[in-house]
Amino acid sequence: MTKSRHALAFIVFVVLLDAISFGIVLPVMPKLIMSLTDATLSEASRIGGYLMFTYASVQFFAAPILGNLGDKYGRRPILLYTLAALGADYLLMASAPTILWLFVARIIAGVASSSFSLAYAYVTDITPEENRAQRFGMVGAAFGGGFVLGPVIGGLLGEFGPRVPFYAAAGLALVNLIYGYFMLGESLSKENRREFDIRRANPIGAVLQLKKYPAIFGLAFAYFLYMLGHLSLPSTWTYYTIEKFSWSESQIGLSLGFAGVFMIIVQAGLIRWAIPKMGAYRAGILGMVAIIIGFCGYAFSAQGWQMYPWLAVAALSGFVTPAFQSIMTSQIPSNAQGELQGALSSLNSITSILGPLMMTQLFAAFTSEQSSIYFPGISFFAAAVLSLVCLVIFVPVVRKYGLTTLGKK
């Protein structure tokens, strides 16, 4: 148990630093794109969507391969590889003389972008089934902690120039790599490993493998819709708040930091009470209802300060991923957990391919000078609709397979 707790602490710290390095660049991305292209904010949002599309397209093919390699060779070496590539990505973005360099950097990041799915697989390896939801919540809380610190630091550093946060992110990735190399042990025992099968590493094949588990396949589709809507936040938040409220980098960073604080409260605190008392099923429903309300609040807020209470409400969506993870991992054998996480990562990649393009194109279409209807909150409204459809699918699938009490004590 002590060894398990130490391993959990290590992986949580890895995710924390990884999230900081991710969040630190969010407030300055629009200005960096605009400085390299002389584009307007609407045009920059389109380019930002193309950058996310490039990253996600490469990730779509790489993620299941890395997940399956993790099932064969263990989680540790694959995780360290992804951290090294992440540092290279940020260095390239920091020194980019043209917009083309940003696309090259995003390709590199996409090749080695499975750190979060590997973290979930790692936690699955070392955690009994009945405690997984709470520990998945701790991993989510680590991401929330990084999301508190990262954007705030990025917003403050961004005042010194749009490239400064990227150098800081590269440094954090290096620290993360060194920490993981010396402190992170292997979680997957040799007897639980399996041979690498390229057919199972095929991104489409990895998703189709879930058809062996009917409950998983239906839930995975619902989760796909949830993530598709959830991508409206990283895709358009900075562009939206600049366009509608004229926020600075520091204001954007503080708002995202505020969101991260409530994410921690939910995932490190409330979830420990919610899952045992309510079960993963009811906690998931609560989270989905909260995010629907939050998205509608974002879309129709008239003043900047009004975004903050909606951020607090939407933070309850922190129940959703642990609920889905808890229910789905309970239906999968231990030697296929990496495959499951790889498949889910592939689904996330598909949403990351479609989501940013859809959300940024919607934002650009409804904020350009040629638009007959001005509605910068369109992407958040679309996200609310997608989340509602997710909820409509989630409820009957979980009831059909008798999983409504999972995680409840």
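Just so you know, glycine gets a Cβ as well, placed from its N, Cα and C.
Note that the coordinates shown come from a computational prediction; the quantities given were computed from them, not determined experimentally.
The domain 'Major facilitator superfamily (MFS) profile' annotation in TrEMBL covers 7-402.
Annotation source TrEMBL lists transmembrane segment at 47-66 (among others).
Taken from TrEMBL, the feature transmembrane segment applies to 78-94 (among others).
TrEMBL lists 100-123 (among others) with the feature transmembrane segment. Away from its own ends, the transmembrane segment (100-123) comes close to residues 7-8, 11, 14-15, 18, 32-33, 36, 50-52, 54-59, 62-63, 66-67, 70, 75, 78-79, 81-86, 88-90, 92-93, 132, 135-136, 139, 143, 187-188, 325, 337-338, 341-342, 344-345, 348 of its chain (Cβ-Cβ under 8 Å, at least six residues beyond either end).
The transmembrane segment annotation in TrEMBL covers 135-158 (among others).
Annotated transmembrane segment per TrEMBL: 164-184 (among others), in sequence order.
Feature annotation from TrEMBL assigns transmembrane segment to 213-232 (among others).
If you look up TrEMBL, you'll see 252-271 (among others) marked as transmembrane segment.
The transmembrane segment annotation in TrEMBL covers 283-301 (among others). Within the same chain, residues 226, 229-230, 232, 240, 244, 271, 274-275, 307, 309-311, 313-320, 322-324, 327, 377-378, 380-381, 383-384, 387-388, 390-391, 394-395, 398, 407 sit at least 6 positions outside the transmembrane segment (283-301) and bring their C-beta atoms closer than 8 Å to a C-beta of that stretch.
Per TrEMBL, transmembrane segment is recorded for 307-327 (among others). Tertiary neighbourhood of the transmembrane segment (307-327): same-chain residues 120, 132-134, 136-137, 140, 144, 215, 219, 222-223, 226, 230, 241, 245, 255, 258-259, 262-263, 265-267, 270-271, 274-275, 280-281, 283-284, 286-288, 290-291, 293-295, 297-298, 301, 398, 403, 406-407, selected by CB-CB distance under 8 Å and a gap of 6+ residues from either end.
Residues 41-43, 45-46, 48-50, 52-53, 55-57, 59-60, 63, 117, 203, 207, 220, 223-224, 227-232, 235-236, 239-240, 243, 373-376, 378-379, 382-383 of the same chain lie 6+ residues outside the transmembrane segment (347-367) yet bring a C-beta within less than 8 angstroms of a C-beta in it. Among the features that TrEMBL reports, transmembrane segment is placed at 347-367 (among others).
TrEMBL lists 373-398 (among others) with the feature transmembrane segment. With a threshold of 8 Å between CB atoms, the same-chain residues lying at least 6 positions outside the transmembrane segment (373-398) that come near it are 215, 218-219, 221-223, 225-226, 228-233, 235-236, 240, 243-244, 281, 284-285, 288-289, 291-292, 295-296, 298-301, 327, 358-360, 362-363, 365-367, 404.
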Quiz item: Is the transmembrane segment (252-271) packed against any residues at least 6 beyond its ends, judged by a Cβ distance under 8 Å, and which are they?
Solution: 23, 26-27, 133-134, 137-138, 140-141, 143-156, 158, 237-238, 241-242, 283, 307-308, 311-312, 314-316, 318-319, 322
Practice problem: State the non-local partners of the transmembrane segment (47-66) in its own chain: residues 6+ outside its ends, Cβ under 8 Å from one of its Cβ atoms. | Solution: 29-30, 33, 37, 39, 78, 81-82, 99, 102-103, 106-107, 109-114, 117-118, 200-203, 205-206, 234-235, 239, 339, 342-343, 345-346, 348-353, 355-357, 359-361
Quiz prompt | For the transmembrane segment (135-158), sequence-distant contacts whose Cβ falls under 8 Å of one of its Cβ atoms, 6 or more beyond its ends | solution = 8, 11-13, 15-28, 31, 116, 119-120, 123, 127, 164-165, 168-169, 248-257, 259-261, 263-264, 266-268, 271-272, 275, 318, 321-322, 325-326
Quiz prompt | Taken over the domain 'Major facilitator superfamily (MFS) profile' (7-402), the model's mean pLDDT | solution = 84
